[in-house]
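J.: Residues or ranges marked as domain 'Alcohol dehydrogenase iron-type/glycerol dehydrogenase GldA' in TrEMBL: 9-154. According to TrEMBL, the NAD(+) binding site annotation covers ASP38, GLY95, LYS96, THR97, LEU98, ASP99, THR117, THR118, ALA119, SER120, SER126, LEU128, TYR132. Residues or ranges marked as glycerol binding site in TrEMBL: ASP122, ASP172, HIS255, HIS273.
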Amino acid sequence: MKERVYISPSKYVQGRNAVQKIGQHLEGIGKTAVVIADETVWDIAGNDVVSYLKEANIRTENVVFNGEASTAEMDRIAGIAKEAEASIVIGVGGGKTLDTAKAVSDEVQAFTVIVPTTASTDAPTSALSVVYSDEGVFESYRFYNKNPDLVLLDSKIIAEAPPRFLASGIADALATYVEVRSVVNNKGNTMAGGQTTLAAQAIAKKCEEVLFDYALLAYESNERKVVTPALEHVIEANTLLSGLGFESGGLGAAHAIHNGFTALEGEIHHLTHGEKVAFGTLVQLTMEEHSQEEIEKYMALYMSLDLPITLEDIKLKDVSREDILKVAETATAEGETIHQAFSVTAEEVADAIVATDQYAKSFKGMLGIEEE
Ligand SMILES: [Zn+2]
């Protein structure tokens, strides 16, 4: 029997105005922090974080993230952190900024603080980063020997972010239970390296439950930029439940297919991680022989959240069979997580992509929604 492995961040704090207390959480930890945020996020939250740190007598080195979680960018910022002799690294922003902050912190062995300004992916809690090329093509997963020390989410900041980000996080989190279930059935390995614990399975199940109960309510709160219990539940599901669930529970086909889509050129690059994962999840469900009712349950929820369900929705209306095969081949490359879920060939994945698109079109047709 394989070992059961479960990992998690040391501390998770979520609530209205939670970021104002960042100084208290860092008391006695260190004197210098590198703060990483992209240009937009500096205005939204970065400058506030720096002023709260100042009140706590923590010096900061402020870095503008260039937008891509690439090796070059990780190395560049690690250089700045070394120069500053920082003992704290703080990432403020979305998935790619946070993944870069984790890499930088690992490089200089610092205390890692993750401050997500959206609930758009489940990246914040994990001890890994997804590394892309400078052009945004998936390259690899990079693993660290510890999870972030502190994950701090301010629900008010998240309520003020565009709802599309929350919907993307919901899609990323909806993949969690589907993927964990497949890894458990297949006795595959998790991202934490080992067999899925009962704890991770329970967390993944809870994640799914919360999303089917509250996703739309939370999305509507977010439309009006207000914090509600539904929004708090979904922020936790997208971030903590999905984060713990995918890492210690396992990734399967949905994320491998997402990675496959990053290999294509064109407008698909403007889609978020979660939007591509949404389609990948439907493809995984197609390959798993679920009933029409089960697949439609997901399609209906995605549609209510303005998430994509057809190839046209992910900007691949006229995609060639050749490109679909390219996606499928990337998704089934050696070492991809799809192999933890079930054994499948590239050709089978390609057929499932086409079938998913056709199911989704037919579902829209039943609802009276005409494709262009
Ligand atoms: Zn994801």
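Just so you know, glycine gets a Cβ as well, placed from its N, Cα and C.
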J.: Among all protein chains shown, how many Cβ atoms are found within 10 Å of the Cβ of ALA119 (NAD(+) binding site), not counting that one?
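T.: Cβ-Cβ neighbours of ALA119 (NAD(+) binding site) within 10 Å number 34.
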J.: Taking just the CA atoms, what is the gap between ASP122 (glycerol binding site) and LEU98 (NAD(+) binding site) in Å?
T.: 11
J.: By CA-CA distance, flag whichever of ASP38, LYS96, TYR132 among the binding-site residues is nearest to HIS273 (glycerol binding site).
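T.: Closest candidate to HIS273 (glycerol binding site), judged by Cα separation, is LYS96.
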J.: Which ones in the same chain are close to SER126 (NAD(+) binding site), with CB under 8 Å and 6+ residues apart in sequence?
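T.: Looking at Cβ-Cβ distances below 8 Å from SER126 (NAD(+) binding site), excluding near sequence neighbours, one finds ASN147, MET191, GLY243, PHE246, GLU247.
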J.: Which of the three DSSP-derived classes (helix, strand, coil) applies to HIS273 (glycerol binding site)?
T.: helix
J.: For HIS255 (glycerol binding site), write down the residues of its own chain that are at least 6 apart in sequence and whose Cβ falls under 8 Å from its Cβ; none is a fine answer.
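T.: Expected: ALA175, GLU179, PHE246, VAL277, GLY280, THR337.
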J.: Out of ASP38, THR117, ASP122, which of these binding-site residues shows the lowest number of other CB atoms within 10 Å of its CB?
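T.: Each of the binding-site residues ASP38, THR117, ASP122 was scored by Cβ atoms within 10 Å; lowest is ASP38.
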J.: Taking ligand 1 as the reference and 6 angstroms as the Cβ limit (strictly under), which binding-site residues among ASP38, LYS96, LEU98, THR117, SER126 are close?
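T.: Result: none.
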J.: What does DSSP give as the helix, strand and coil breakdown of the domain 'Alcohol dehydrogenase iron-type/glycerol dehydrogenase GldA' (9-154)?
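T.: Counting residues by DSSP class gives 53 helix, 47 strand, 46 coil.
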J.: Using the alpha carbons only, what distance in Å do you get between ALA119 (NAD(+) binding site) and ASP172 (glycerol binding site) once rounded?
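T.: Here the two Cα atoms lie 10 Å apart.
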J.: Among ASP38, GLY95, LYS96, THR97, LEU98, ASP99, THR117, THR118, ALA119, SER120, SER126, LEU128, TYR132, the annotated NAD(+) contacts, find the widest CA pair distance and round it to a whole Å.
T.: 21
